[in-house]
Amino acid sequence: QPQNEHIELHRRRYGYRLDYHEKRRKKEGREAHERSRKAKKMIGLKAKLYHKQRHAEKIQMKKTIKMHEKRNTKKKDDEKTPKGAVPAYLLDREGQSRAKVLSNMIKQKRKEKAGKWEVPVPKVRAQGETEVLKVIRTGKRKKKAWKRMVTKVCFVGDGFTRKPPKYERFIRPMGLRFKKAHVTHPELKATFCLPILGVKKNPSSPLYTTLGVITKGTVIEVNVSELGLVTQGGKVIWGKYAQVTNNPENDGCINAVLLV
Amino acid sequence: PRFPQSMAPDEDAQRLLIQFRDEAGESLGSPFDVPVTITPDKLQLVCNALLQKVRDPRAPPAPPEPTRGLPLAASPALFPQEEPVPLAFFVHDAEIVSSLEKTLSGQSVETEKVLDIIYQPQAVFRVRAVTRCTSSLEGHTEAVISVAFSPTGKYLASGSGDTTVRFWDLSTETPQFTAKGHRHWVLSIAWSPDGKKLASGCKNSQIFLWDPATGNQIGRVLSGHSKWITCLCWEPLHINPECRYLASASKDGSVRIWDTLMGKCEKILTSHTQSVTCVKWGGDGLLYSSSQDRTIKVWRSKDGVLCRTLQGHAHWVNTMALSTDYVLRTGAFEPAEATINPQDVSGSLAELKDKAQQRYDQVRGQEPERLVSGSDDFTLFLWRPAEDKKPLERMTGHQALINQVLFSPDTRLIASASFDKSIKLWDGRTGKYLTSLRGHVSAVYQIAWSADSRLLVSGSSDSTLKVWDAKMKKLAIDLPGHADEVYATDWSPDGQRVASGGKDKCLRM
């Protein structure tokens, strides 16, 4: 690049060469051919760099061309109404195709036979005894180690009375006893605080079920008379199963999902 | 020894003391004795004579001829006394069909006491059952979602998923106008009670008003809701004969009252926390709205203040029906006066208002309006919303969610259509279960009563329509013909036609 304006100065003084413009026009015309000749002949690292740069340039060019094209053509209506019109009463409902209904019925029958049920939290980490039960040492020299204290949240019934402390093998501390659970109805997406009726099954061990230990994944029975559900015979339903979805010993409350 | 009926003179038969009572419990005349073998014909003669005496105590009662079942062309206003009203008689909730003796045979009768016979006036006109499909109206390019006859039965409008509302000419059964303007599915349509305007709501939360005579839009687009419109309801004619105000319910949980003349929103009633599924404008100045948040709210339509919240359902409340629904829909048009060629109701605004008010008072009687609501929790509740927050009755029995409930036009029966393939009939006053109508093989979507409350048509997802006889409680006629699910059904108020539309994009009459 010239460092001073002597070229411009000369041009102002003496003008251009007579064939300057013609030559320039033709040179520009040749540029495409020159470029392609060079691109074909280049090899090695230089070629790689050049081709990368050229590719980026070409993408940009294509974009601008497309934009210009769009400006000229008429746009098709993007707000096409979707197919599958349903009346207002079916809008919030998922339609089930007829084939699905039949296959669902068959699957339900098979499950009933097998005794397996769909639960919201199917797999839970199994809790070992050392985690759930803490060893309490007793005796004059604290040698005896037959007592255990439950470290997780548990439920004891209404009429629960402790065994005489000398013979009590499992200690359930009062601070970890809960009577109510926050139960969410999966369809209504509303949560209610319902009293617990009992522990149905603890997935880790039947021992925990009998003790009433509530951990994540435990199926408990809750009193749903507040909700006002009714059977087809007209009787009011007052107990339903719910599955615990959090770790109550960490949170201090029991959150569960109703099994409908 | 049992004598054959024709031979035994009446004196030999046992005689009983009877007292006629109307449905509200008031007695008609004084007790008198009749032979036990009396038939409904004779009971009708006696009862009509007594009714005439009550209506005009000075004139001597002319012996009325038993004219059962003939549609009377003369308007009831001209000959009030000579026209005998067909009556049905009930003893201890059992209808007297053949003779009093047979009805009482199953029950223990105390011949010493006076027996109460409850008489119910039936509709003077009788609608014939629709038997066949007269035409299949194509034209929509997507499923037909909503179908409605105008209050006089002159026009038919249908809304569809192809965003158009189409008006159909009933005399030639061909398309008349196509009203374009909506940009999404037309979910609900509602005729104004004078039949001069049609409001349609779409999934883009816009409401358009159309003129059925020209097919053009009236006024401006009413927009304001943020989610789709689920239901539209006009103000009743007897409150305002100009038919100016329109209530709309939407998924965004609000109910808006629009002034259709000015084209703007008058009031916004927000209190529901979830989608409002149905809105009904009652005849007593109250507005009812049901929602997916399991409540029904009662508002005062004058100032939009919330009066009451009716709670009790355990799941979404899908649908509601008022006992005076049919009379509010038809306004000043009297189905008994219908002619073969439906005409618009004529008269000045004051006349129309009076007529509508008369009809409303007649249907309503002395008691407040009753409201029945159907829900996803498989039960229905019967309420008296103007009086009480507690329901009158909880009606259980369905095994799947209830899609639509309707009072019969004479408010005596309630029909509920459910996804468990059955329709259940309940007593309109007490909510007691009467019978189940089974026949459909898949979910029943919508039902419609005929104007005389004797017939009920139901459209279902198994693509058939069925006409049921409410008296016999049996299937009268089966109407197959649709190729796919039937989404919407309506019976014209003059009783001549049934229109149904569905997923197969065609409208059948």
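Note that Cβ sites are derived from N, Cα and C of the backbone, with glycine treated the same way.
Note that TrEMBL annotation is computational and uncurated.
As stated in TrEMBL, the feature region 'Disordered' covers range A:18-44 out of the listed A:18-44, A:126-152. Tertiary proximity for the compositional bias 'Basic residues' (A:35-44) is limited to same-chain residues at least six positions away from its ends with a CB under 8 Å from its CB atoms, namely 50-51, 54. When the compositional bias 'Basic and acidic residues' (A:18-34) is classified with DSSP, helix, strand and coil residues number 15 helix, 0 strand, 2 coil.
Helix first, then strand, then coil: DSSP counts for the compositional bias 'Basic residues' (A:35-44) stand at 7 helix, 0 strand, 3 coil.
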